[in-house]
Amino acid sequence: MDGNDAPNAGQCPVMHGHAAGTGMRNHHWWPNQINLKVLHQHSSKSDPMGAQFNYAEAFKSLDLDALKADLTALMTDSQDWWPADYGHYGPLFIRMTWHAAGTYRTADGRGGGSTGNQRFAPLNSWPDNGNLDKARRLLWPIKKKYGDKISWADLLILTGNVALESMGFKTFGFAGGRPDIWEPEEDIYWGSEGEWLAPSDTANSRYSGARDLENPLAAVQMGLIYVNPEGPDGNPDIVASGHDVIETFGRMAMDEAETVALVAGGHTFGKAHGNGPASAVGPEPEAAPIEAMGLGWLSTHGSGKGADAITSGIEGAWKPHPTTWDMGYFKVLFKYDWELTKSPAGANIWLATNVEDEDMVEDAFDPSKKHRPMMTTADLSLRYHPKLLPHAKRFAEDPAAFADAFARAWFKLTHRDMGPRARYLGKEVPAEELIWQDPIPAGTQIDADDAAALKAQILASGLSVSDMVSTAWASASTFRGSDMRGGANGARIRLAPQKDWEVNEPAKLARVLGVLEGIQAGFSSGGKSVSMADLIVLAGCAGVEQAAKAGGHQIEVPFTSGRGDASAEQTDAESFAVMEPVMDGFRNYQARELSTSPEEMLVDRAQLLGLSAPEMTVLVAGLRVLGANHGGSAHGVLTNRPGVLSSDFLTNLLDMGTEWKPSGKGVYEGRDRASGAARWTATRVDLVFGSNSQLRALAERYAQDDAEASFVADFVAAWVKVMNADRFDLT
């Protein structure tokens, strides 16, 4: 063979050997090219459910009791192809659920169990998810039976609850409402390392300085959920491991008490698997041969399953009675001294010394055998790290407090990424309102006449188009589709910490809110009421309408009332602090230099807002000419008529009479090619709409002479989409 697939004379003229989508891709040739595909993932073309499918309605028809009964029966229905430890699949399913939800991180709200993403790469093949493919395969007959009434995302979470309940634990509750995705998530940054479990001193490490973990990451190594259980980089340093435990769980929204409860509660059940050489384990699912049918980590050690199973390489159970909820974990943790040794797979583990017979652990498959309790390095940090020890001692002495803390922390773990209670479905939703759910009081409705009257007052108040538009944008654009947090509902822009964020220009914000509060008070004195959340959005709509009218377009921006106003008591300021933007390309704001380019951060923000590339294009172009820039900056305000909704930004950006050159860090100056006279200044997030071929194509379309009305209409549609992004009551 010469490698040439061109047909020889007399042969079939059809080319063979190269399928669609293969070969070198654009990102291989130009690795710094921004990735706009993240704005168009999970489209209708990859979703088999159809546009009319409503998962919330389908879930309401689910017989939850029957489903839970089937799941309970599955727990002890051991299968020969993957037998259950101790005759009970509960611990396996708890790990499955934990690892589905545990990828969540607060910095960008991405990860977590709300999409069923554990079915897809890379998560389905992470080293830390070893053999969870077997857990999902065990669930398939039940998913097949209940079909569209239960998503994989909900099933992966519910199964963990049922597993706990089947072993004697009372859970805090369960909420459905997680629709499935049907393709891998391409927007999530999992790290830059080029190998699984790369140590912290490797190239492209996520660590810098004295072990400072890169944001937004919340795991210590590529392919792990949280920490390396053997210790940092596999080094069995107990106190250092405790630091990792605190940091990674903290980045997943857990405080130290919740962290201790989760570790101890989860390790009350089951065992770890490392009863053989790691070299016997086959490739992960995505790398497995086609005949493996999606299963990975197939082992040649003995039977490859049951007593011979190898998963993490750690071997052993934490306590006696691994399928029963009790206080055994804390009992053995504090009762015994621990000696460092190696598992059969070569992993660092700690075994209790001088163990009394009552604390020996029964073998998972042979009742004639018993083993000493095992702890990982991370487990022992609960006893030896000074910040974790007080919580561990308190729980060890108070079983009721431990059970309550674990129940609440487990519920938080499995529901933190669902957003507000308005998205919760089912009869097991807890009645108690929790601060981390970002509660918002019910709003009031105003009719069209009231809205018109209020807009007239706003327009007569002295507020500029820039004031109205920028304040509404600041309020609504906090929304994150990743974990459904933020948004205009609640009007938390009035409260700490948002009112003090630099990006929101606190002095200007206070002035605008003061004017709107006066209008609100006057309206309410008439026996009616309007929330500040609604009024802020309504003011933005009024500003857009006025700007469009100034450009010759008579429009009405759709507005739906019903937002409520959250109080300071309903707002966890610390949890909102992580949402403060250090970069917002829509407002041409950058607080500091980042390792990621400004244009990439613009795309990142657009993806969190659920925007497409065309929507991002019209919003940036419109917000520039409406004066939404941070601090009134002139960068990117490519118009001679600011305050008028027009496509001037795009028209002038594409003008070949302008030559752009760098004029400072991140700033560019546009000069007349012929005269050299200064015309404009702009940033990278402005110029990208002329430099990137895909964005330029969109810019050219909206800059056409016949596209002005289309631009205005599309800007309004994208604006309304952002204003209503958190209105789960409307869907």
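Backbone N, Cα and C atoms are what each Cβ position is placed from, and that goes for glycine too.
Around Arg95 (site 'Transition state stabilizer'), the C-beta neighbours below 8 angstroms that are at least 6 residues distant in the chain are Leu132, Ala135, Gly266, Gly270. Look at Swiss-Prot and you will find Arg95 tagged as site 'Transition state stabilizer'.
Within the same chain, residues at least 6 positions away in sequence whose Cβ sits under 8 Å from that of His99 (active site, proton acceptor) are Gln118, Asp128, Asn129, Leu132, Ile225. What Swiss-Prot records for His99 is active site, proton acceptor.
Sequence-distant neighbours of His267 (heme b binding site) (same chain, 6+ apart, CB under 8 A from its CB) are Trp318, Lys319, Tyr329, Asp379. In the three-state DSSP scheme, His267 (heme b binding site) falls into the coil class. Look at Swiss-Prot and you will find His267 tagged as heme b binding site, backed by sequence analysis.
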